[in-house]
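Right, one structure below, let's go through it.
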Amino acid sequence: MSLTRNEIIEILKSPVAYDGKSFSDTDNSLFTAATATARALFNNTVYQRGVIEFSSHCRKNCHYCGLRSSNTDLLRYRLTHVEIMDAVETAAAMGMGTIVLQAGEDEDVNPHFIYTIVRAIKEKFNLAVTLSLGDHPDDVYRLWRDSGADRYLLKIETTDTDLHSLYRPGQHLYDRLNRIESLQRLGYETGSGIIIGLPGMTEETLTDDLLLLSTMGLDMIACGPFIPHPQTPLRHAAPGKLLESLRVTALLRLLNPATNIPATSALDSLRTVRNNDGRILALNAGANVIMPSITPDEVRSSYSIYPGKNDPALSQNSTVKLLQSRVQQAGFTLSSQAGSSMQRTFRAQPAI
Ligand code: 5AD
Ligand code: SF4
């Protein structure tokens, strides 16, 4: 479906009538159109990606993120090869079809460490592997692709060049976009996305984000609300809004029918949301993927990108089971397949 810039802005600016229970007629029709589009390709299937957050060290200092290098209050950890492989086994047993290896930009992780892990996963399990490891030179991306990694996730965070450089000190949007192109050239199924509601973002910014993301030929697009972290410069900023995040999810689905779109975990960290409802609402607005954390209990609460990410009060096992049962109760079918990009299948069709 094509939507003009003005139509998108109008949807994003339409009055907020959500009372916690029901949406306005306009929002209801938007979400219905988005779920119908998702259903046409994915039925009611929800793909499961188990995220293993194996290192909380990061050399970068992004203003919004709790893992930023200036945050001295955070316990930093790094899992061993054996600990990661144990988590992969747990993920497979819990029905995940994909493993997402995620970490801060940890300078003490040798690229060959990742190579060996991906090889080991591919040898032992029939699982897709996504890497979410930030900015690296092309030869490192190539090495990891040669190890058998299927996908790479690198979010652009915002297309506003000023905000991008402000919140990601020393970084430029264009470098990030070039990296995404490199990943695509190397044959990765490539994902990107933004944070919704960073301070200074307007509906216009968000619209430009959506339009750019929708022209990049992405296999996955992940957009979650901003959650202020108390140990960052943005600690006093307002969080992103639930309704805006759901509208973004639905608009993305309409603009990108075949792309994998996760119901992001950040939705459930909004204070207004309980019991995985944020993610269920996103599945009812066109998302088709969930990405639960499978990081071991001993360290998972230290992967504190934003507060509420991995609740220390709940074990990894019970968090995943709770989410899975909520998704099923909401009428979706959980899949343990890899859920590879349909976008690619469609792109590969000759133009008629
Ligand atoms: N709120 C929401 N998302 C965040 N991320 C980092 N910090 C926050 C935050 N405070 C997201 C970014 C990053 C991913 C690892 O987590 O999009 O790419
Ligand atoms: Fe590091 Fe990523 Fe957090 Fe930035 S967003 S500080 S690169 S973990």
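Numbers run from 1 along the shown chain.
Each residue, glycine too, has its Cβ placed from N, Cα and C.
Where the annotation comes from TrEMBL, it is an automatic prediction and has not been curated.
Per TrEMBL, [4Fe-4S] cluster binding site is recorded for C58, C62, C65. Around the Cβ of C65 ([4Fe-4S] cluster binding site), the number of neighbouring Cβ atoms within 10 Å comes to 23.
Other Cβ atoms within 10 Å of the Cβ of S132 ((3R)-3-methyl-D-ornithine binding site) number 20 in total over all chains. The (3R)-3-methyl-D-ornithine binding site annotation in TrEMBL covers S132.
Residues or ranges marked as S-adenosyl-L-methionine binding site by TrEMBL: E157, R168, R176. A simple way to gauge crowding: the CB of R176 (S-adenosyl-L-methionine binding site) has 19 other CB atoms within 10 angstroms, across all the protein chains here.
Per TrEMBL, domain 'Radical SAM core' is recorded for 44-264.
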**OP:** Would you mind listing, in sequence order, the residues at least six apart from E157 (S-adenosyl-L-methionine binding site) in the same chain with a Cβ closer than 8 Å to its Cβ?
**Re:** C62, H164, Y167, R168, R176, I194, I195, L198
**OP:** Count the other Cβ atoms sitting within 10 Å of the Cβ of C62 ([4Fe-4S] cluster binding site), across every protein chain shown.
**Re:** 22
**OP:** Return one of helix, strand or coil for R176 (S-adenosyl-L-methionine binding site), based on DSSP.
**Re:** helix
**OP:** Between S132 ((3R)-3-methyl-D-ornithine binding site) and C65 ([4Fe-4S] cluster binding site), find the distance joining the two CA atoms and give it rounded to the nearest Å.
**Re:** 15
Original post:
Got a sec? Which of C58, C65, R168, R176, the binding-site residues, have CB under 6 Å of any ligand 1 atom?
Top reply: C65
